[in-house]
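The next block holds one structure in the form of structure tokens; read it before the comments.
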Amino acid sequence: MTVHQAIATNPDEDDENPFVEISESVQLLARLSIVMAIAFAWWVGLNDRDSAPYPISRLLLFTLYTAIQTLPLWYRLPGVGLLHPLYVIAAYLFLKGTIPSLSQSAIGYRHIPGLPAMSAQGVAIMYMKVTGLYILAQIFTYFGFFTGRGIRWNFIEFRNRPNIVTYFVIASLVIGLVAFWLLIDLSGGLYPHLKNITRGNAAKVWVKDASNASIYATLCGLIVLPPAFLMLVGKNPGFNPVFWALTAISIAVNYLTAGRRSAIVSAVIIIVACWVLRTRTVSLARLSIIWFLLFLSIGIFGEYRRSNWDGRRRVNFSAFQDNDIGEAMEKTWSDLQQRRGGSPVPLIVYRVPKYVPFKYGMNYVGYINRFIPRRIWKNKPKGLATQCAEVFYGRYGSGAIPMGALGEAYWSGGIVAIPIVFFVWGRILCSIGTFYIRFRYSAIACMLYLLTVTRLEPSELSFGRWVYVVVPTLIILFAFGELVRARHPDS
């Protein structure tokens, strides 16, 4: 049974969409945003003197991709709600990818990092080819989702014992805080750690054996669960000082674990998703305030990292001082614009398989390698992002360059692999949706669903981050006897 069939045949008692119904105001806002984004791209692309070659063709492809990628936002697909996998992914890609890169997408690119000799016409054609591949991937994601039956999930069950959430929250909080303390201890204290998180992984300075650093960082991710659960099932969480204290701790620890600004966004997304699931509605005013504060934080924390790249031991906090709103917004927009042009996908499409052989799916098999400690497997293959930096950019020992889901799929098997990978991805999303439909009356199951739908995508980096949070969560659930094998799997 597909997700939309499950909703049609097993609706809630009040006939509401279990994924939270999309209100008319939210859908109107989404449609206006999409139309304005496309109109802005056409206006800039046709009037900017620095626009890359073939503006009409590029803008037509951009319009087609945006329309297909945002389909769940502007068209009422059967069974799709605010927390539906397709809706969440479409909103995330539009807000994080399309909007920040709007001007650059309209003007086009005149060079590809790693291919300095390619002509402007060749660059434009290459980017149009990449856009076409993104369209192909999105189409097969929808195809896999709406033709899939999904896993039935009848082999497990959640016991939903009254006190289990309290125990789970306490266990998650204790484990997360202890792991964070151990991570700080590896850096030599709080101040050295504040300096350490501004460095890349290869440049971090540890005063003790750091072989367990990734494990500690993984367990720090559990710190988001306590405020999320309080939002989901707590009594009046908005008026509960404990909830706000845990939220502040969660956001701080998520950022201070590795210094990634995306960690702040991820923590806030989880808590906001719990809020939407609890209230079954969306306050556009409150969401706008949250979005605005997150937008400002990107520039401020980015400036903090840049101001601490020097080799001095003293931590520079100037990024948090003497900042007005306009300056913070300018820094954020500058950061987002600088991150747009560095995608390795065009370079991968150009070099594979002419100069670099296909991986023939072995990159996906190798996902499991990420979780085997190198001290156990001395010759463990490097991660895909590190391989990308070395193979395509010739950068050895200087960090990693994530390829994203499309880049990994193309390196796996070219244009043939993209339909296969994203069709399977659509099937996986269908199974994620059926999991929620089956267990939506369990708060813990809802939390697992939200952690998955907001973090998982078919790329090594995303898969690793998802596993690092979900697997410890499952271990705790099994340990407390909350998640068990179903006694009657055919029921």
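Just so it is clear, glycine is given a Cβ too, placed from its N, Cα and C backbone atoms.
Range 81-102 is the one annotated as transmembrane segment, of 81-102, 345-366 (source: TrEMBL). Contact counts against the transmembrane segment (213-233), taken as Cβ pairs under 8 Å, peak for 165-192 among the stretches 81-102, 165-192, 284-304, 466-484. Long-range Cβ contacts of the transmembrane segment (123-145) within its own chain (Cβ-Cβ under 8 Å, at least 6 residues beyond either end) map to 3, 52-54, 57-58, 61-62, 64-65, 68-69, 71, 85-86, 108-112, 115, 345-346, 349-350, 405-406, 409-410, 415, 418-419, 421-427, 429-430, 433. Proximity of the transmembrane segment (165-192) to the transmembrane segment (466-484) is established through 3 or more Cβ-Cβ distances under 8 Å for residue pairs spaced 6 or more apart. Within the same chain, the transmembrane segment (435-454) packs against the transmembrane segment (81-102): three or more Cβ pairs sit under 8 Å, each pair at least 6 residues apart. Here the transmembrane segment (81-102) touches the transmembrane segment (263-278). Their Cβ atoms form 3 or more pairs under 8 Å, with each pair 6 or more residues apart.
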